[in-house]
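Written below as structure tokens is the structure these notes are about.
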Amino acid sequence: MANLSQPSEFVLLGFSSFGELQALLYGPFLMLYLLAFMGNTIIIVTVIADTHLHTPMYFFLGNFSLLEILVTMTAVPRMLSDLLVPHKVITFTGCMVQFYFHFSLDSTSFLILTDMALDRFVAICHPLHYGTLMSRAMCVQLAGAAWAAPFLAMVPTVLSRAHLDYCHGDVINHFFCDNAPLLQLSCSDTRLLEFWDFLMALAFVLSSFLVTLISYGYIVTTVLRIPSASSCQKAFSTCGSHLTLVFIGYSSTIFLYVRPGKAHSVQVRKFVALVTSVLTPFLNPFILTFCNQTVKTVLQGQMQRLKGLCKAQ
């Protein structure tokens, strides 16, 4: 009975329903993963290397790109390897570790998006106090809190999963250790855990989303009062990429995780998780460059310098 309630390993079904065709998914998914990794790495290096980007806005942007890399690393490499093997097994400890880091990093990314919204709010609504309010020390504190809070809050969450009785089998119908598939395998009473998950979603997703909405409400009100059309357009352009990231990130996460544990079918969760794990990190670097004129200008300048160096050689 102990072995049944605490399995030593789980089987990840992943995309087993595709049969032999799942091997064909390896190439496209690997390409998207590598491009996402390269794109976000380029943004991080650009932010560090160019002094024009040593501002609070791009400090938080670099943090967000780093999180995009780390979140995908918690699930996608494992998913890619499982596409090529018939027996997709993960140890119980490995499953809990994956669960912990995936949701901790994912929650951190939402808090960083909120930090970015607060930065734009101060820059546009209180420009005279921007240097004082968004000092280097304040930015480090905001980013540090965004990283620390989810990692601390997820400790009781993952420990509760580790002590559940899993007597409904050891097969997880997903490509990583997601919350709902784990709860479905448990024969323990999970109502309290589902309520805790809902409180976590309120704390890290809905509350940060509310702060972001309020910040942009004030931003829009302030920008519409600007008499100069060019200044108004410039103010909106600096917020365009951030608003796009907010829409993509929050829409999928609120759909999946704000409603308690078993509200959605596993197939729906698997599809949306695939989009957020593979497609969204691939698109974000393009959103950050095409919607942000400053980043686009810096990248173009670096490309011109590289071409100049190549010609000189």
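Note that the numbers count up from 1, one per residue, in the order the chain is shown.
Backbone N, Cα and C define each Cβ position, glycine as well.
What you are looking at is a predicted structure, and each value in this text was computed from that prediction instead of being measured.
Residues annotated as transmembrane segment in TrEMBL: 23-49, 55-77, 89-113, 133-155, 198-220, 240-259, 271-290. Annotation comment: TrEMBL describes 39-288 as domain 'G-protein coupled receptors family 1 profile'.
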Within-chain partners of the transmembrane segment (23-49) [C-beta distance under 8 Å, separation at least 6 from its ends]: 15, 58-59, 61-62, 65-66, 68-69, 72, 76-77, 79-80, 83-84, 278-279, 281-282, 284-286, 288-289, 295, 298-299, 302
Model confidence over the domain 'G-protein coupled receptors family 1 profile' (39-288) (mean pLDDT, whole number): 88
